[in-house]
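S.K.: Below are the structure tokens for one structure; questions will follow.
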Amino acid sequence: MAENPIYGPFFGVMGAASAIIFSALGAAYGTAKSGTGIAAMSVMRPELIMKSIIPVVMAGIIAIYGLVVAVLIAGSLDAPSNNYTLYKGFIHLGAGLAVGFSGLAAGFAIGIVGDAGVRGTAQQPRLFVGMILILIFAEVLGLYGLIVAIYLYTKQ
């Protein structure tokens with residue numbers, strides 16, 4: 001019982017919660033920030049709305065990363081009496097924090113780049129390719145967190 005304390009699953013639940021909460025916060029910020037840029041740009045150039053929706057889609061993908069890890073963690077949560085160790089709880093917490101905080105950072109980056117990018121693309125269409133490349137690098141930050149989280153999750 002010493003290696004399976006009653007508070008072990010608490011850390012696993014916190015890992016699942018932090019995975020979805022922080023990545024959803026990043027996705028929401030990215031969507032809101034780039035969405036305001038799209039709204040401001042579409043007043044003058046409404047034909048560019050569909051082309052400018054890419055940052056919003058990329059921000060939404062960040063939340064999916066957190067959802068995947070949260071579901072994985074929630075699926076392996078169990079009672080301490082069923083061999084859910086404190087080690088598993090800490091691993092799940094680390095995995096959730098890894099994907100959550102990297103998703104938060106990626107969402108912030110996508111939002112800021114997406115806002116400035118769609119406004120700039122409306123005035124100079126050649127900026128579109130550069131905006132997409134920067135958005136890809138911002139999205140990869142969230143993907144790195146997903147990779148680390150899945151790697152940690154498999155260590156149980």
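Just so you know, glycine gets a Cβ as well, placed from its N, Cα and C.
Keep in mind that this is a model prediction, so the values were computed, not measured.
From Swiss-Prot, for reference:
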- 1-7: topological domain 'Lumenal' (TOPO_DOM)
- 8-30: transmembrane segment (TRANSMEM)
- 31-52: topological domain 'Cytoplasmic' (TOPO_DOM)
- 53-73: transmembrane segment (TRANSMEM)
- 74-92: topological domain 'Lumenal' (TOPO_DOM)
- 93-114: transmembrane segment (TRANSMEM)
- 115-126: topological domain 'Cytoplasmic' (TOPO_DOM)
- 127-152: transmembrane segment (TRANSMEM)
- Glu139: site 'Essential for proton translocation' (SITE)
- 153-156: topological domain 'Lumenal' (TOPO_DOM)
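Describe the structural surroundings of these features, if you would.
M.R.: Per-residue confidence over the topological domain 'Cytoplasmic' (31-52) averages out at a pLDDT of 94.
Within the chain, the transmembrane segment (53-73) has long-range Cβ neighbours (under 8 A, six or more residues past its boundaries) at 12, 15-17, 19-24, 26-31, 34-35, 37-38, 92, 95-96, 99-100, 103, 106-107, 110-111, 113-115, 117-118, 131-132, 135, 138-139, 142-143, 145-146, 149-150, 153.
Nonlocal intrachain contacts for the topological domain 'Lumenal' (74-92), taken as residues 6+ away from its ends with a CB within less than 8 angstroms of a stretch CB, comprise 1, 3-13, 15-16, 152-153, 155-156.
Outside the transmembrane segment (93-114) by six or more residues, the chain places 11-12, 14-34, 37, 54-56, 58-59, 62-63, 65-66, 69-70, 72-73, 131, 134-135, 138-142, 144-146, 148-150, 152-153 with a CB less than 8 A from a CB of the stretch.
Note: the topological domain 'Cytoplasmic' (115-126) comprises 9 helix, 0 strand, 3 coil (DSSP; helix = H, G, I, strand = E, B).
Sequence-distant contacts of the transmembrane segment (127-152) (same chain, six or more residues past either end, CB-CB distance under 8 Å): 19, 23, 26, 51, 54-55, 58, 61-62, 65, 68-69, 72, 91, 94-96, 98-103, 105-107, 109-110, 113-114, 117-118, 120-121.
Within 10 Å of the Cβ of Glu139 (site 'Essential for proton translocation') there are 21 other Cβ atoms, across all protein chains.
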S.K.: So what's near the topological domain 'Cytoplasmic' (115-126) in sequence-distant terms, Cβ-Cβ under 8 Å and 6+ beyond its ends?
M.R.: 33-34, 36-38, 40-41, 44-45, 48, 51-52, 55, 134-135
S.K.: With DSSP assignments reduced to helix, strand and coil, which class does Glu139 (site 'Essential for proton translocation') get?
M.R.: helix
